[in-house]
Structures are given as structure tokens and as C-alpha cells.
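Take a look at the structure below.
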Amino acid sequence: MPTFSRDLKIMLQKDLAAERAVWMEKARTLSEALPYMRRFAGQTIVVKYGGHAMGDPELARLFARDIVLLKQVGIHPVVVHGGGPQIKAMLDRLKIQSEFVHGLRVTDRETVDIVEMVLAGSINKQIVQNINQAGGFAVGLSGKDGNLIRAERLSRTVKDPDSAIEKALDLGFVGAPRAITSHILESFRDSDIIPVIAPIGFDAEGHTYNINADTAAGAVAGALKATRLLMLTDVAGVLDQEGNLVTDLTTEDARALIADGTISGGMIPKVETCLAAIREGVKAAVILDGRVQHAVLLEIFTPGGAGTLMKSAAGA
Ligand SMILES: Nc1ncnc2c1ncn2[C@@H]1O[C@H](COP(=O)(O)OP(=O)(O)O)[C@@H](O)[C@H]1O
Ligand SMILES: CC(=O)N[C@@H](CCC(=O)OP(=O)(O)O)C(=O)O
């Protein structure tokens, strides 16, 4: 029937035009990424991948693809991962109690074995597998491999609120990174290998340490003088008193927001780690929302990077 076939033809032409418009938009986005690809080519970007951000399998798959894409365009991504919720799940299964003091897990001898098993074992290998399934060549390392993260027992004091006397906190086998053997990571720069690091440290006496993943990522970024330290978390970034996103955070503003309690809990070590990394030579650190699909690509390849940026005085 001629009328029907004419209508069908018009419909198909409209569909094709709509599809073409979608592809044109995608091509434009790719083209607009070119200046960013040139800017970051050959640079090191350390990505801290938190335990909350890896909970959703689809987000984890997209994260792995984004990391492979960075490497493919000549950027050197280094992934440092956490796994707090996964450690908690394993400790619960084994009916082992665990508590946090100032955002850090008090870690006794039994707990450090479980932490190492979960971080350097199942989680590390899952991320490696995701990246490799996305077409990359990821190699999993704990801080023990290649003497990567020498650590010491973290010493921290707190002020007793009644007497105002400083007392030492005993967090057990919680480590502070002392030295990063960076040539291990630098040897991957000129290869297609993507290092994926579990935040486990060691010392000369043979102790194993549980290191907060933010702290480990900051130390690695500082040692590599990375161009960017990206901290993927479960909020949009640093929020102000009204709950609005702070897009640029100076050291002075950070100090003020910590002092008045606006920045609290796990966000304090995160911000402090970013500032410390910048002091050590990282050009800029960004706290961003790991719950958003392609958060890493948005931050690196578009002007619409959506987190909180802290940068060195020399600029980013
Ligand atoms: N000013 C703030 N802006 C944003 N988040 C904040 C702020 N103060 C405290 N937080 C808390 O910090 C959390 C992020 O830290 P944390 O839970 O340690 O993250 P992760 O598990 O990703 O390392 C947020 O989920 C939020 O509850
Ligand atoms: C000392 C300390 O607290 N270590 C952390 C290490 C994992 C971590 O930091 O994981 P997220 O990044 O997912 O929070 C812990 O035991 O939970």
C-alpha cells in the first residue's frame, strides 16, 4: 500500500536523523576531550577508590573501563583502594568486634590478618579482574610487594576533655606510611601495566600494618609527584554549612571549616591528606562523588568536573 510505505519511510528517516543527532553529540564530546587528553598525556593520576564506591557492580564495571581509557590515551593511572565496608562484613561473619577511633579502625593482631586477607586478597583481585575484563593489564600489589609501603605504628594523641592532658591512643597495628618505594611504580609508567594497590604496610621487624586508604593514596601521590589525586567517595565533595558543594577549597578555608565542625568525621583525614599531598608536590587533589557514573572521566576530560578542588599555589 503506497500510503503506508510512504509513512513508514518518513518514520524511518526521522529515526535515522534522531540517531545521527545522538552520535553527533557523542562525537562532539569526544572532540572536546582532546585538549584535556593532551594536557594530561604522560602524567600520573592517583585514584583513591573507596569501599563504598565499589559496592555497586555496574559502577565498578564503569570505573574499570574509565581507568583503562586513561591508560589507553597515555595517562598513567595508579589505583589505591580501600574496603572498609567489606572488612566490616568479614569481621561480622567471623563475629570479631571492631571499633573506630578518629576515623581509624582499632586493629589488633587477629584483625590485621583479616584486614590483609580482605584488602590484599579478595578486593584487590576483584578490581584487577574488573580492569582486565575491560581490556587493561592491571597488576595487584600490596604495600609489601616490592617493599612498596614501609610503615610505622601510627602514634596519635588526644586531649582528655576533663584534664586537658594529652594522652596516647593505642590503635594497635594501624600504620603511617614512612617511605614509598616509588621506582616500583615508575617502572610501570612506560608499560601498559596499571598498578592497583592495597593499603597494607610493613616494617623492618616484620609487622603488618593496616593503613587508612586515603592516607596510603596521599603518600603514593606525593611520592610520585602526581598531577592529580582523585578521592572517590560517597558525597558530592566537601559541603559547607548550608550543605552546598565547595568547588574550590583553600588551606585556610579547610582549616576554618574543620575548626567550626563543618568538616567532620571521615572527611577530616580526607581533606588533610589532600593538603599534605599538595605540600609534597601533587599539583591538585579533588574529592569527588564516586556514586556518579564516569566520575573519573568527568573530572579529567570535561570542564564539568564536579567535586571539591584543592590545588597548589603554583596552580593546577
Ligand atoms: N563538610 C562535609 N562535607 C562532606 N562530607 C562530610 C563533611 N563532614 C563530614 N562528612 C562525612 O564524610 C564522609 C566521607 O568520609 P568517609 O566516610 O571516610 O569516606 P570514604 O569511605 O569514601 O573514605 C561523608 O559521607 C560525610 O558523612
Ligand atoms: C586504619 C583503617 O581504618 N584502615 C581502613 C582501611 C580500609 C579503608 O580505608 O577503606 P575505605 O577507603 O573504604 O574507608 C579500615 O580498616 O577500614
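We number each residue from 1, going along the chain as drawn.
For all residues, glycine too, the Cβ spot is worked out from N, Cα and C.
The substrate site recorded in TrEMBL includes Gly83, Gly84, Asn210, and the single candidate from Arg61, Arg105, Arg189 that the record places there is Arg105. Site extent for substrate: among the recorded binding residues Gly83, Gly84, Arg105, Asn210, the largest C-alpha separation is 12 Å.
Taking the C-alpha positions, the distance from Gly84 (substrate binding site) to Lys48 (site 'Transition state stabilizer') comes to 13 Å. Rounded to a whole number, the distance between the Cα atoms of Lys270 (site 'Transition state stabilizer') and Gly83 (substrate binding site) is 15 Å. In sequence order, Gly51, Gly82, Ile87, Lys88, Val115, Val118, Leu119, Asn212, Ala213 are the residues of the same chain, not among Gly83, Gly84, Arg105, Asn210, whose CB sits within 8 A of the CB centroid for the substrate site. With a CB cut-off of under 6 A applied against ligand 2, the recorded positions Lys48, Gly83, Asn210, Lys270 are reduced to Gly83, Asn210. When the recorded positions Lys48, Arg105, Lys270 are compared by the number of other C-beta atoms lying within 10 angstroms of their own C-beta, Arg105 comes out lowest. Comparing Cβ neighbour counts within 10 Å across the binding-site residues Gly83, Gly84, the minimum falls on Gly84.
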